[in-house]
């Protein structure tokens, strides 16, 4: 039996099914197929659909497609690819393949594609598309309509049409929708001045924040001279928003930031990013180790105290990271201003008192019923639990605020420091209370 | 001196400045003003700008505006507010004020506003706008253009124009941009069939995933009978994406999910959400407590061992939560399929071996140089460190996968369980190695 088992009836029904499918779904469908069948299915797709499906394929399948396509087919594919999709694909591929592909890029497009390829990773320039429409204030409505229909820009690039002056500097924009529905009005009356804009070398995060703040569907991108050179659309921003948040949490957990996709990053590269944080934890451990050594007399006289160290540290660590996460998140969202940090801290402290009191009480009852230790130890552990939780909220809340004051990234500074400081304080509180209540040391 | 110090020259320049400002920025500017001045500035704004600025104000200022406005002004404001902004505002306000405001809503709008108010929180229905344009397949281009210009829909609602059949069921859509730029083509030729859609009672997260997957700028919302009843646009999705991710991390840290904004949530309500997780930690502590008690002989004979418990637990806890975070994130993003979970686990294990070995070596050197303890203790601690880190990666990676298999939310299950299991294992490893190497117990 032949591996490529073509049944023409099935083929016709497949073709009908493909027509009803979204590009992403076709891509997922192709990924699961055998290579031989995949090639056949791809030849059945209309050119424009093929280009969008190609953009959704993983790197290895893109390579496969490029190697299996004839040169004219490859040129058609590249012509159909939107500039940002083309650049994204090129950035994924090995350099010999990039050279081959650039060869097929139309000469009038090659300059802009080359420029896009050279913007730093995570910059606005590397995210933008060059398919936008900009007109002059003096253009007539029919000039504008002509420019729109001649542009390679897709619907998402056409929500706003930009207005540039004679120096190509952007001075305004209008919505295509307004042009359509307010047909009797002059172009001038629907133009909005002072557009929100970003620059090619801005961080993508800045663009994401502006999209969210101003509820944008697109934003113009300018070079240093305020000349419009590209556009970013809302559908490009979803991933940026998600990545930025995940990055913050990664930093807080000492995982560093990964520029390349996780599965494609090497073991040693991942390890090198995490080792720093774990080394910091080890230095912190020297502190906690010293504290325990200092109070060794207490511990020797009552070894039972050691049994509660893990619980106290876990509770403290968790309470502290809850507070620091909340503060860092609020700061990242720009939801909470500097003055509100204190409000959050105050609230966290009260939450800590409520949670700590309940836990301390439950712990006291539990220990008195279940464990064989003296009442003094029960009270020591419960009191420490309460004080540790409140202290941890204070430390976890204060450190990110302090980090920001010192112009450090709160996410980087908060994670390891909170653990270090909370651990040390919790142990000191524990042994001090033990000394006081049990008269040791 | 009068508190409201009006200088007409200043007023004119203020008016000019306001014209150049974005709505969000005007809202921020108003928030910082004294109430008397605020009222004056607001009367200077054009009606449509005022409505958008109002939507951006915090709850207390919205209340202030409603109380200070005359009835006709209030009606104008409500008429200008987009339906989703109006519903959002109503949901923030106390019920007596909602009744007052609903009174001013045009009777033909009141039904749809009431319906929007009744969708469950976090549902697609509560997020959608009812300002969309849907036409029939048989409509002529001029019919379509007429419907567009008569609709209250804004530019963001007009990116896609939807096609409904005779039963109002949605069957397709076309881009307004295509209507403009492909003027010589028939309406039929630009229609795309089988649109991606969501239902009013779907979770907002589902909509967010579809926006991201299919790079959408808008999505039609249907009732149970597939009839179009609303639209969600990309600018509404930014917050949903961010909230969903923060929610996952909150769950992992045992903070529960907060439906209402943090600063407006009561201390006891916040405390009640966190107490569950901390109680789980306490039960976990019973396990670690038992383990330490069981090996008390080891600890009594070598109290110095206690000094390293905090470091071992911190390293283990951190390594475990790094792995679980990575796996949960990948699962949430649908980036990594079920079969890839094992790949991630395998990679995490190797990262753990590399990181663990380096740390164990550094620790060995550090302890031998700096501490007074025996070589046996140095080796015990270093070996435990290596094994704990590898074990933690395994536990942190496996538990979320297991949670998903058991149809539990990985984020909820992973957090507390990882800490519990890693702590217990780390201690057992520590004491077992100590017994073996030092011949105690």
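The first residue you see is number 1, and the count goes up from there.
In case you wondered, yes, glycine gets a Cβ from its N, Cα and C as well.
TrEMBL annotations: computationally assigned, not manually curated.
Note that the structure is a prediction, hence the values are computed from the model and not measured.
What TrEMBL says about this one:
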- B:128-189: domain 'CBS' (DOMAIN)
- B:190-249: domain 'CBS' (DOMAIN)
- B:275-292: transmembrane segment (TRANSMEM)
- B:349-365: transmembrane segment (TRANSMEM)
- B:377-399: transmembrane segment (TRANSMEM)
- B:411-431: transmembrane segment (TRANSMEM)
Cβ-Cβ under 8 Å with the transmembrane segment (B:349-365): same-chain residues at least 6 beyond its ends: 315, 319, 323, 378-379, 381-383, 385-390, 392-394, 397
Secondary structure tally of the domain 'CBS' (B:128-189) (DSSP, helix then strand then coil): 22 helix, 16 strand, 24 coil
Per-region confidence, the domain 'CBS' (B:190-249) (mean pLDDT, whole number): 92
Residue distribution over DSSP helix, strand and coil in the domain 'CBS' (B:190-249): 28 helix, 17 strand, 15 coil
